[in-house]
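Participant: For reference, the structure I am asking about is given below.
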Amino acid sequence: MVIANSNIIFVAGLGGIGLDTSREIVKSGPKNLVLLDRIDNPAAIAELKALNPKVTVTFYPYDVTVPLAETKKLLKTIFDKLKTVDLLINGAGILDDNQIERTIAVNFTGLVNTTTAILDFWDKRKGGPVGVVANICSVTGFNSIYQVPVYSASKAAALSFTTSIAKLAHITGVTAYSINPGITKTVLEHSFNSWLNVEPRVAELLLEHPTQTTLQCAQNFVKAIEANQNGAIWKLDLGRLDAIEWTKRWDSGI
C-alpha cells in the first residue's frame, strides 16, 4: 500500500508505539490521518501537523469500549467527510491483569467492534470500496507471558480474529494483517500488574531482556503497511520485521 495521498484512521495513535508510528506515517505523506483516541493530546497533534503541513491531521475522541452503534455513528461522520478511507489501524491496548474485564474489552472486543463497524462502509457485498485493516496484536499472542495470562489471551484472540478477517477477503474485499511487537520500551512496560499479583516484578523482569525502541517498532510498522500482505503475521521485535509462518495444527475443512 502506498501511504502517500491515502486516508488513514488510526485508533490510539497518540501514545507510545502509536505516536511514533503516527510520526512515521505523516512523514510518508498521507492525505488524511484521522486519530481516534480516548485521551486528547493537543501537543502531539500539533507536532504531527507541523511535521508535514501537507497532511490533514484530525482528532476525534473515541473509547473502543463504547457500543457498536456508537462506533458506526463516528465512522459515518468520518466517511461523510473524507468519502473514502484506505486503512484502519486498531492500536488500543492496556496491560493490567488486575482489570480483567477492561483488558478484554479494550484489547479484543474493542478491536472486533471497530473492525465490524467499518465493514458497513467497506464490504464489497454492500457496494463498498473495500479497505485494509492493520491490527496491533502482540508476540504474546504466539506464546504467552504467563504472569499476565489475561493480556496474553486477549492478544491471542485479536490475532486469531485478524487471521480470520484476512481469510474472508474473497467475500468482503477487506484485507487484514497483524502487527505483533515484542518487548518495547513504552509506558505499558514501565509498570503493570500481573494476574493475582503472582509476580510483582514482572515489568522489571521483562525490561531486563533485550528490547526495542518505539521508533524502531514504528519504522518497521510503516514497512509492514507498505508491504500490505493480506493475512501476514508480522513480528516486530529487536528492531527487526519478520513474517511469521503459522503452523497449522488443525483445520475445519470448510
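Glycine too: its Cβ is placed from the backbone N, Cα and C atoms.
Annotations per Swiss-Prot:
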- 10-33: NAD(+) binding site (BINDING)
- S138: substrate binding site (BINDING)
- Y151: active site, proton acceptor (ACT_SITE)
Participant: Starting from the Cβ of S22 (NAD(+) binding site), draw a 10 Å sphere and report how many other Cβ atoms land inside it.
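Facilitator: So the Cβ neighbour count for S22 (NAD(+) binding site) comes to 27.
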Participant: What is the interatomic distance between the Cα atoms of the residue listed as 'active site, proton acceptor' and the residue listed as 'substrate binding site', given in whole Å?
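Facilitator: With the alpha carbons as reference points, the distance is 10 Å.
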Participant: Select one residue from S28, S138: among these binding-site residues, choose the one with the most other Cβ atoms within 10 Å of its Cβ.
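Facilitator: Of S28, S138, the one with the most crowded Cβ is S138.
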Participant: Taking the Cβ of each of the recorded positions and counting other Cβ atoms inside 10 Å, which one has the highest number: F10, Y151?
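Facilitator: Buried the deepest by this measure is Y151.
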Participant: If we count other C-beta atoms within 10 Å, could you say which of the binding-site residues G16, K31 has the fewest?
Facilitator: K31
Participant: Roughly how many Å lie between the Cα atoms of S138 (substrate binding site) and I25 (NAD(+) binding site), rounded to a whole value?
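Facilitator: Per the Cα atoms, S138 (substrate binding site) and I25 (NAD(+) binding site) stand 20 Å apart.
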Participant: Which residues of the same chain, at least 6 positions away in sequence, have a Cβ lying under 8 Å from the Cβ of G13 (NAD(+) binding site)?
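Facilitator: Listed in sequence order: L19, T21, S22, L33, L35, L36, D37, I89, G91.
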Participant: In sequence order, which residues at least six apart in the same chain have a CB under 8 Å from the CB of I25 (NAD(+) binding site)?
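Facilitator: Looking at Cβ-Cβ distances below 8 Å from I25 (NAD(+) binding site), excluding near sequence neighbours, one finds I3, I8, F10, L33, V222, I225.
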